[in-house]
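S.K.: Have a look at this one.
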Amino acid sequence: MRDYEAATAFLGEWGRFQRLVFFLLSASTIPNGFNGMSAVFLAGTPEHRCVVPSGANLSAEWLNASIPLELRGGQAVPSRCRRYRLAALTNLSALGLRPGSDVELESLEQEPCRDGWEYSRDVYRSTIVTEWNLVCDNDWKGPLSTSLFFVGVLLGSFISGQLSDKFGRKKVLFATLAMQTVFSFIQVFSTSWEMFSVLFLLVGMGQISNYVAAFVLGTEILGKSIRVLFCTLGVCIFYAFGYMLLPLFAYFIRDWRMLLLALTLPGLLFIPLWWVIPESPRWLISQGRFQEAEDIIRKAAKTNGITAPDVILHPSDLQDLDSQKQQTYTILDLVRTRNILTITIMSVIIWMIISVGYFGLSLDTPNLHGDVYVNCFLSAVIEVPAYIISWLLLRNLPRRYSMAAALFLGGCVLLFIQLVPSHIRALSILLVMLGKFGITSAFSIVYVYTAELYPTVVRNMGVGASSMASRLGSILSPYFVYLGAYDRFLPYILMGSLTVLSGILTLFLPESYGMPLPDTIDQMLLVKGLEYRPASRNKRDSKEEEENPEIFKSTAF
């Protein structure tokens, strides 16, 4: 069997067909930037305090003194969840006593906010927190909504990989785009926190599924040199563009329902792309659907203004691939041999840690000093140079050392934040953004790296499983941020330490730089130091090697 890239080399690398696929698939990730971090504004918690009913018979002095002070951030500020007992204040006010001079406020009994809360509108007009009073005893519900979104992302990563490998990249891409758009639209009309959270979970399922499907579809259609460009400056920068638009939308639309509606409607623009974006010829070939694959290749040649050869897939190719037609691959194939098992375990750990750092720093932007909209915008903008740097690294340097260097940079910078004096706030923000830069670069590289390590027959499943593991990290990330309530440096210490450890682990992965994409499990690159046992292979792959010895000789170490 000839190599797929050799069989389609006549198409060229950057014709009209490739440019069309490149930009349309990249653009399909813009809504992911909207939805991925929308919880920063949808679930934002404004300053709040207990409501004192307007009918309370209090003098102006007692009304102003009705909320006790508490120490927060080194300053005495009004309590968010307590007030002085209203009945006692009414009696003291009726007696003509004055707070502070006649009555020691510290001696008064306190009570919870029995009449609700009043919220500052300096930052948000309304959020789900103000809509359903997710504060004080219910403050756990806000972070839980964010975690449930990432639970949906986790489920989507697990399901979409297998569905995409079974039914095709294109069908899953558009089905999950529709799922994300429809459930996000219904979410606008949520009548309770429970309804909002369940729909948020379903939006999360669609969010990651279409991202992974678009990523793998572009990886398999585009040539080797454009593949890296697509995975970094294509998909990732368009995602960052969507992320940058989020704080801009949120700044001008401060009502959470209208903001969510504005972020949902752009999904309708992708409907016509169904008739433009093709299925992956690589996937069709792996399924034995050779004629459909050849039709797409010939259409691509016509689009590029190139005359296709009379025979694209040789009879010998069809015979070899036809033997695989009835083969089915499942998630268990990701652990079938010692080599793929080791790569899968290492990928799972690395993706999980990178995800904790990336989403933890992104969700932490409201807690940084300064304006929440500016901080969120900076967090999005810093991703652009991160993707550019990762693209340059992927083009010119080995994957393993590039990703390890990015992780070491991000991790070490986060560990240094605790050494910054508290009055130099700008330096702290700078270090946080530099840490986000390193971790984002690693996140961009790991997608390419993982896609190159897994073979075509389980590539989408492998990337999906790794992405699924990373979502465990994203589910935990809101709680890493929450640890800042106890010690503001603790989240950075934990994220920095884990990121450095993942950089060390990366050095043990095989190097894929300059190697052709493997099509079968036995063509995978080997983890150095592992004992390779051909006898442990599955019969179907052993048969492939017997029939096609040249392939395996060319890919063995």
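Any Cβ shown, glycine's included, is placed from N, Cα and C.
Residues annotated as transmembrane segment in TrEMBL: 20-43, 142-160, 172-189, 195-217, 229-253, 259-277, 340-360, 372-394, 401-420, 426-449, 489-509. Sequence annotations record features per position, and here TrEMBL assigns domain 'Major facilitator superfamily (MFS) profile' to 88-514. Feature annotation from TrEMBL assigns region 'Disordered' to 537-557.
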S.K.: With a cut-off of 8 Å between Cβ atoms, can you find at least three pairs linking the transmembrane segment (426-449) to the transmembrane segment (340-360)? Only pairs 6 or more residues apart in sequence count.
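M.R.: Yes, the stretches contact each other.
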S.K.: Among 20-43, 142-160, 229-253, 489-509, which stretch has the most Cβ pairs under 8 Å to the transmembrane segment (372-394)?
M.R.: 229-253
S.K.: Does the transmembrane segment (489-509) reach the transmembrane segment (20-43) with at least 3 CB pairs under 8 A, where each pair is 6 or more residues apart?
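M.R.: The answer is no, given that the two segments have fewer than 3 Cβ pairs within the 8 Å cut-off.
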